[in-house]
Amino acid sequence: MTPLKIAIAGANGRMGRVLVEAVNNHPDTVLSGALEHSGSEALGLDAGYAVGLKTGIAISDDVDAVLAQSDVLIDFTRPEPTLKHLQKCVEKQVNIIIGTTGFDDAGKAAIHTAAEQTGIVFAANFSVGVNLTFHILDTVARVLNEGYDIEIIEGHHRHKVDAPSGTALRMGEVIAGALGRDLKQCAVYGREGHTGPRDPSTIGFATVRAGDIVGDHTALFATDGERVEITHKAGSRMTFAAGAVRAAVWVNGKTGLYDMQDVLGLNNR
């Protein structure tokens, strides 16, 4: 079997470094390119330097050259560069795995349009455990239905720039969908001052940014006399990276827009 050629965007970032390692660890993939922004101090260095690997792949800012020798790009950067990379992937017929969060509606629309021409796995979280959590939350929300106050609490490291996290928002979307609600209409982001009694139709979000927290997420369902808490805690970024590589292998040869639920076969159940 010919190894799948995977390029990494943001290869010198916290997530990018782990992705390089994850590609190296997978028996059916090979690192074909590593991208960083122009002016990065990492340009020209071996992509594996930060994790003790010698990959033979130099970090580059030449998107066209990197994609020309790749089957798929994994991108966990920021919305603006991701959308630029997305357009290049469409032009080069390269699949793309998108773990970037914080897209506005226009950005999400661009991803949907691009999926008509290439294969895309776009997910708020690539952890197998988190995606099982989404599946569980759908069941819990349908069974508990009305009568429970719902709050989502998430925590990440001090460097994360968007809040709430994409995973927390996806948890909210799953729960709202199961209850027949529109998250945009029922979400409450933080509370301050004299807020009055809680509106039972809302889904609340609370955010923590501290230290080196990789990712903690809890969905709380509370009513008189009992609480149900569904929690996922990530201890290493490798859980996300390994899932992204798994998605890259899965989407090879496909066109269309998918998420991690598709990769795991959970949307077929």
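Cβ atoms are placed via backbone N, Cα and C, with glycine included.
The active site, proton donor/acceptor feature in Swiss-Prot is assigned to His156. Annotated active site, proton donor per Swiss-Prot: Lys160, in sequence order, evidence recorded as sequence analysis. Summarising the annotation, Swiss-Prot assigns NAD(+) binding site to Gly10, Ala11, Asn12, Gly13, Arg14, Met15, Glu36, Gly99, Thr100, Thr101, Ala123, Ala124, Asn125, Phe126. Residues or ranges marked as (S)-2,3,4,5-tetrahydrodipicolinate binding site by Swiss-Prot: His157, Gly166, Thr167.
Overlay of Swiss-Prot annotations on the structure.
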residue: Gly10; record: NAD(+) binding site; Cβ within 10 Å: 25
residue: Asn12; record: NAD(+) binding site; Cβ within 10 Å: 21
residue: Arg14; record: NAD(+) binding site; Cβ within 10 Å: 15
residue: Glu36; record: NAD(+) binding site; Cβ within 10 Å: 23
residue: Thr100; record: NAD(+) binding site; Cβ within 10 Å: 25
residue: Asn125; record: NAD(+) binding site; Cβ within 10 Å: 27
residue: His156; record: active site, proton donor/acceptor; Cβ within 10 Å: 25
residue: Lys160; record: active site, proton donor; Cβ within 10 Å: 17
residue: Gly166; record: (S)-2,3,4,5-tetrahydrodipicolinate binding site; Cβ within 10 Å: 17
residue: Thr167; record: (S)-2,3,4,5-tetrahydrodipicolinate binding site; Cβ within 10 Å: 26
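The DSSP secondary structure for Ala123 (NAD(+) binding site) is coil. Counting every protein chain shown, the Cβ of His157 ((S)-2,3,4,5-tetrahydrodipicolinate binding site) has 13 other Cβ atoms within 10 Å. Looking only at Cα atoms, Thr100 (NAD(+) binding site) sits nearest to Gly166 among the recorded positions His156, His157, Lys160, Gly166, Thr167.
DSSP gives His156 (active site, proton donor/acceptor) a strand state. The distance from the Cα of Gly166 ((S)-2,3,4,5-tetrahydrodipicolinate binding site) to the Cα of Arg14 (NAD(+) binding site) comes to 17 Å. In this structure, the C-alpha atom of Arg14 (NAD(+) binding site) lies 11 angstrom from that of Lys160 (active site, proton donor). Taking Cβ-Cβ distances under 8 Å and a sequence separation of 6 or more, the neighbours of Ala123 (NAD(+) binding site) in its chain are Ile98, Gly99, Asn131, Ala247, Asp259, Met260. Residues His157, Gly166, Thr167 make up the record's (S)-2,3,4,5-tetrahydrodipicolinate site, and a Cβ search at 8 Å around their centroid adds Thr101, Ala124, Asn125, Glu154, His156, Lys160, Asp162, Ser165, Ala168, Gly215, His217 from the same chain. DSSP classifies Thr167 ((S)-2,3,4,5-tetrahydrodipicolinate binding site) as helix under the three-state reduction. Within 10 Å of Asn125 (NAD(+) binding site), as judged by C-alpha distances, no recorded positions are found among His156, His157, Lys160. Distances between the Cα of Glu36 (NAD(+) binding site) and those of the recorded positions His156, His157, Lys160, Thr167 are shortest for Lys160.
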